[in-house]
Amino acid sequence: MSPHSEISFSGSDAAVSNGTSNGINGHSNGTNGFSNGHMNGHSNGNDAPTAVRHGPRVHKERSRHLETAPVDSEFDLICAGFGPASLAVAVAMHDAIAEGRNLRPDGTAPKVLFLEKQPKFAWHAGMLLPGAKMQISFIKDMATLRNPRSEFTFLNYLHSQGRLVDFTNLGTFLPARTEYEDYLRWCSSWFDHVVNYNNEVLSISPENKEAGAVKTFTVQARNGKTGQIQSFRSRHVLVAAGGQPSLPKSLPAKHPRVLHSSQFANYAPQILTKQNAPYRVAVIGAGQSAAEIFNNVQNLYPNSKTYLIMRQEFLRPSDDSPFVNSIFNPEYIDNLWPRSVKARETLLTEARATNYGVVRLELIEHLFEKMYDQKREISDDETQWPHRILSGREIASVDTKGDALEIKVQRVNDGPLDGFVDQETFDVDLIIAATGYKRSAHIDMLKDAWTMLPKTVSGRNESPKGANGWNVETQDGERKLAVARDYRVKFSPGTVADDSGVWLQGCCEGTHGLSDTLLSVLSTRSGEIVQSIFKQ
C-alpha cells in the first residue's frame, strides 16, 4: 500500500502499482498512502482476529442531480468501475450541476451509469488493518482541492457524522484508514441509484464503425450473481478498471494458502482460525503493504513464526519531503506531460522512492527494534528467531506438503558456490504476496476498437512501460493505444465523433505521473474529465 495510495485495489478502481510484479517483491505499493499503527493486536481468546467492523451509516440522502435511466437508454456516460476514481467523477458531475452548469444542452440531468464488479462499494478492504492511518492529508479528498464548498468534503462528512469538533481535537490531518474508507462509502451512498453493482465490464465496442465516425459504444457487462451478460450503450465511456493482483510466477496459481495482500484482512482469518496457534507465515515484498502485514501477523498471532522475503537488500524509507512530494501536485501533470518519453521515464524512475518498494520510516524503525530484541534475547543466529527478514532473497520453488507449503529461498542472482547454492528451506501455513498490481484491463476491454487506433510509427523508440501508450497487435499491423492530456483515448482522426469517446483513469502513470494511480489528484482530475466529456 502506498503513502499516497488512493484508488481501490480490490475492486474496479484500484491504486496502481507499476505494471507487473518484479521478481519476488515486484516493488509492491510503496508508502505514500498509509502508515501502520504498531500496536495492532487484539485478544479474542482462541478465536482468529476478525476484520474491522464499522458502525451503522446514517446517511440516506441521494444526489438530486444525477438521475436513473432505463437500461436500454443511450447513456451520456458509462463508467467501468466505481472505486474512488469514478466516485470522484460522480462528485464532480454533482458539483458542476449544483453550481448551475448544464452538462447536457437541454439542461436536463445527464444519463449516467456506473458498472462495478464488487457487490458493494469498498476501498482497500483487504488492508483495513487495526491502527493503520492515512499518510495523505484529508484535504486531498473527493472535492476540496477542486471546490472547498462542496458537500463531499471530508470535513462535511465529519460534520454530518457529528464528529467534526472531536476530530479537530485530534490535531491531525491524517485520519484512520477505516475512517477514510467510511468517508468514501458515505460519498458513494449518494450515488447508489446510478450504480449497478455485481457487474463486471467485459468489453467496450464501437457501434457501426464502418459507417463513419463512431457516435456510440456498446459496453458489455457480466452479472456476478447470475452470470448473465447485458449490453449498454453510451456516447462516452470512462474506464477506471483498477489493478489486478500480480503474483510472482514462482508461487502456485490459485492455491488456497497463497493470498495477495489485497485479500489479507478478508481471508487470512478464515485460514488462520486460532489466535494462539503457532502458525508459520511468509510475506513476500519490500513495500509498505508487505511490512504492515509482516508486523500485523506478529501482533494478531503472538505465537506465530513470520518471514519477510524480499529481493532488496534493505527496507528503504519513503521520501515524503515537501519538495519531492510536489510530484503529486495536480499542476505537476502539466509539467510532466509535454516531456519526451525518455525524460518522463527518467523522472518517474528517480521518483520511485516516493511510492514503490519503500516503507514509512517509523515502521522500519519499529521492525528493526523487533529484530534487535530477538538478537539480544535469543541469539545471534537468525535462524533461531521467530520473526525474520530474509533480504536479498528470491523464491526458488514452492511445493505442497500436506496442509503446508514448503518454500525454498536463495540469494538473488546466486551462482553455484563450489557446486552448491546458498539455499534455505522452511514450511509455512500461509503465503501472502504483497507484490503489486497489473494495470492492463483497459487494453483487452477495448479490443474491438483496436483497428480504430493509429498505426505505430516505424523506427520510433517505443517504451515498454506505457510512457507513450501501449502497442497492440491487429490483423492490419501494430497499433498504438494512447491518451491525450485530458485522458481521452487518441483514436485515428475521423473514426470517432467529436462529441463521443473513451477516457482512461488509473493506468496513465507513464504519461501523467505517479499521481495518476493515487488519491492526490482525484478531485481536480475528475473536474477536468467532466469538462472534457461534457465540453464545459
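Cβ atoms are placed via backbone N, Cα and C, with glycine included.
Feature annotations, courtesy of Swiss-Prot:
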type     : residues                                                                                                       : note
COMPBIAS : 1-31                                                                                                           : compositional bias 'Polar residues'
REGION   : 1-64                                                                                                           : region 'Disordered'
COMPBIAS : 32-46                                                                                                          : compositional bias 'Low complexity'
COMPBIAS : 54-63                                                                                                          : compositional bias 'Basic residues'
BINDING  : Glu116, Lys117, Gln118, Pro119, Lys120, Phe121, Ala122, Trp123, His124, Gln135, Val201, Thr517, Leu518, Leu519 : FAD binding site
BINDING  : Lys140, Asn325, Ser326, Ile327, Phe328, Asn355, Ser520                                                         : substrate binding site
BINDING  : Ala286, Gly287, Gln288, Ser289, Asn355, Tyr356, Gly357                                                         : NADP(+) binding site
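Here the features listed in Swiss-Prot are painted onto the structure.
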residue: Glu116; record: FAD binding site; Cβ neighbours (10 Å): 30
residue: Lys120; record: FAD binding site; Cβ neighbours (10 Å): 15
residue: His124; record: FAD binding site; Cβ neighbours (10 Å): 31
residue: Ser289; record: NADP(+) binding site; Cβ neighbours (10 Å): 36
residue: Asn325; record: substrate binding site; Cβ neighbours (10 Å): 18
residue: Ser326; record: substrate binding site; Cβ neighbours (10 Å): 11
residue: Phe328; record: substrate binding site; Cβ neighbours (10 Å): 24
residue: Tyr356; record: NADP(+) binding site; Cβ neighbours (10 Å): 27
residue: Gly357; record: NADP(+) binding site; Cβ neighbours (10 Å): 29
residue: Ser520; record: substrate binding site; Cβ neighbours (10 Å): 28
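Figure note: comparing Cβ neighbours within 10 Å for the binding-site residues Ala122, Leu518, the maximum is reached by Leu518. In the three-state DSSP scheme, Leu518 (FAD binding site) is classed as strand.
Rounded to the nearest whole angstrom, the C-alpha distance between Gln288 (NADP(+) binding site) and Val201 (FAD binding site) is 30. DSSP gives Ile327 (substrate binding site) a helix state.
Among the binding-site residues Glu116, Lys120, His124, Ala286, Gly287, the ones whose Cα sits within 10 Å of the Cα of Asn355 (substrate binding site) are Gly287. Between the CA atoms of Gly357 (NADP(+) binding site) and Asn325 (substrate binding site) there is a gap of 16 Å, rounded to the nearest whole number. Those residues noted as binding NADP(+) (Ala286, Gly287, Gln288, Ser289, Asn355, Tyr356, Gly357) have their most widely separated CA atoms at a distance of 12 Å. Checking each of the binding-site residues Glu116, Val201, Ser289 against Ile327 (substrate binding site) by C-alpha distance, the shortest gap belongs to Ser289.
Listed binding-site residues: Gln118, Asn355. The one with the lowest count of other Cβ atoms within 10 Å of its Cβ is Gln118. Separation of the C-alpha atoms of Tyr356 (NADP(+) binding site) and Val201 (FAD binding site): 29 Å, rounded to the nearest whole number.
Comparing the binding-site residues Ala286, Ile327 by how many other C-beta atoms lie within 10 angstroms of each C-beta, the top residue is Ala286.
In this entry, Lys140, Asn325, Ser326, Ile327, Phe328, Asn355, Ser520 make up the residues listed for substrate, with the farthest two CA atoms of the set 17 Å from each other.
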